[in-house]
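As written in TrEMBL, here are the features:
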TRANSMEM  6-26  transmembrane segment
TRANSMEM  66-87  transmembrane segment
TRANSMEM  99-122  transmembrane segment
TRANSMEM  143-162  transmembrane segment
TRANSMEM  174-193  transmembrane segment
TRANSMEM  200-223  transmembrane segment
TRANSMEM  254-273  transmembrane segment
TRANSMEM  294-319  transmembrane segment
TRANSMEM  339-364  transmembrane segment
TRANSMEM  403-423  transmembrane segment
TRANSMEM  429-454  transmembrane segment
Amino acid sequence: MSPTFHWSDYLIFAISLICYSLIGIYHRYHDVIFEKLTSCFPGINFKLKVRKKMNVEELFLGDRNLTLLPIVGSVMASFLSAVAILGTASEAYQCGIQFILLVGGYCIAFPLAAYVYMPVFYKLRLNSAHEYLEMRFGKLVRWTTSLVFLLQMTVYIALALYAPALAFSQVSGLPIWISILSTGLVATFYTAFGGIRAVVWIDLFQLIVLISGLCLITLLITLKVGGFQRLWGIVINGQRVQSFDFSTDPFKRHTLWTLIIGGTGLVLSIFGANQTQIQRYLACRDLKTARRAILLNIPLTSGFLAVQLFTGLAIYAYFAGCDPVLNGSIKRYDQILPYIVMILFDGVVLVRGIFLSVIFAAALSTVSSGINSLANVCLEDLIRPLYRHCKHVDISERVKYRLALFLGILFGTLTVSLAFIFTLSSSHILQISFSLFGAIGGPILTVFTAGIFFPCINAEVSKVDYVH
């Protein structure tokens, strides 16, 4: 009989979702809450910092006044999806620690994003990074990039909801619809009503939950194995800690060169040319804050990658000689992390609930950040330009704000619906969708790179990037 969640595990998960929602409510009604507190407790100084009335710039950019701490956490958390956490542990379990070479890509890509790409967008005081493409190449390139981005992120967010829901469903019996619907609705709620302030602070909170929870689970698995020394001996004997492959053959699965060069391109496409991240840079109070937020992610992201890989090694040590995929206990290796938590801590109160919260904290951070950027791009890059073209005037602030709320709810509903469609499809849809994400991210990075580094390239040449 497959292990199942205890009611206390669901309670922990529900409490975490309620906490995220309350943070969203706080940021939406910040001034009202402090006014009520001041009137109820007149002798206490609550140090109220009055904010602008909620408008589009406040909703999407936090009035361009966000501080370092939440931005660092949000930049890191936005693309630490549950898919990546499950996949990285699975990668270390099957192939060892070769993935640690991605740190070389981080050391190249993050400084490039901080000193080359980000300052271009920040100094122009843009609302959307795609506005730069219109300045550089014209309206058609901006609109094309915006549409491609909407497709890319909608699919990615739906996958971020679907993949962990599927993994948990198959190892614990947790209904897919519960996890997709609960996480999707909560993320949509606090994103639409709390704006980017709620998103970045919740991202930071989720990152703390994610790191502490995963470290706790890894420590408990290590103790179950018999301690670090025994664990390390098992992974050494199993050749999971091997020398790096310096081969120049591009068809090999992982080599030093493919991981560093490919990792640089992947990280740069996310942190240097993706609206989801650029929106966080634009929300910083100054250029120095934005730059520090990016650079601090080198040690933070590298450290967390090491933790994920060590988790995979700990799982390998536990299952050494009794592979759960080969014996039919699970179907795929990306289920191995939730599977070991379910069987190791069956009957241990709260631990599995903490792990459930950890995985879906990763999913929520990706979903909320993505929804916020999708609404921003749709409004700033498509609706407003089209309205100005047809009416020869801009949309009023009041209508823009209502549109922004509507778009946030719309994209939240759309991604949840798409995640449910994935549940009706074959597993091949995952491979197709991830390939689509990679294929789209490359051309977007290329267009931005061409605009920044090659002033001789014009609009006609840039269009070729999408055609081919």
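Using N, Cα and C of the backbone, Cβ positions are placed for all residues, glycine too.
Segment contact is absent for the transmembrane segment (339-364) and the transmembrane segment (99-122), given fewer than three CB pairs below 8 angstroms at sequence separation of 6 or more.
Put simply, of 66-87, 174-193, 200-223, 254-273, 294-319, the stretch with the most CB pairs closer than 8 A to the transmembrane segment (6-26) is 174-193. Note: the stretches the transmembrane segment (200-223) and the transmembrane segment (66-87) are in contact (3+ CB pairs below 8 A, sequence gap of 6 or more). A contact between the transmembrane segment (403-423) and the transmembrane segment (143-162) is present, since 3 or more of their C-beta pairs, 6 or more residues apart, lie under 8 Å. When each of the listed stretches 66-87, 143-162, 174-193, 254-273 is scored by C-beta pairs under 8 angstroms to the transmembrane segment (294-319), 66-87 comes out highest. Distant neighbours of the transmembrane segment (66-87): 159-160, 163-164, 167, 196-197, 199-201, 203-204, 206-208, 210, 214, 270-271, 276-277, 280-281, 283-285, 289-290, 292-294, 296-297, 300-301, 304, 308, 334-335, 337-338, 359-360, 362-363, 365-366, 369-370; these residues of the same chain sit at least 6 beyond its ends, with a Cβ under 8 Å from one of its Cβ atoms.
When Cβ-Cβ distances below 8 Å are used as the criterion, the transmembrane segment (143-162) is approached by residues 81-83, 128, 130, 133, 176, 179-180, 183-184, 274-276, 363, 366-367, 370-371, 373-374, 377-378, 381-382, 385, 411, 414-416, 418-419, 421-423, 430, 433-434, 436-437, 440-441, 443-444, 447, 463, 466 of the same chain, each at least six residues removed from its ends.
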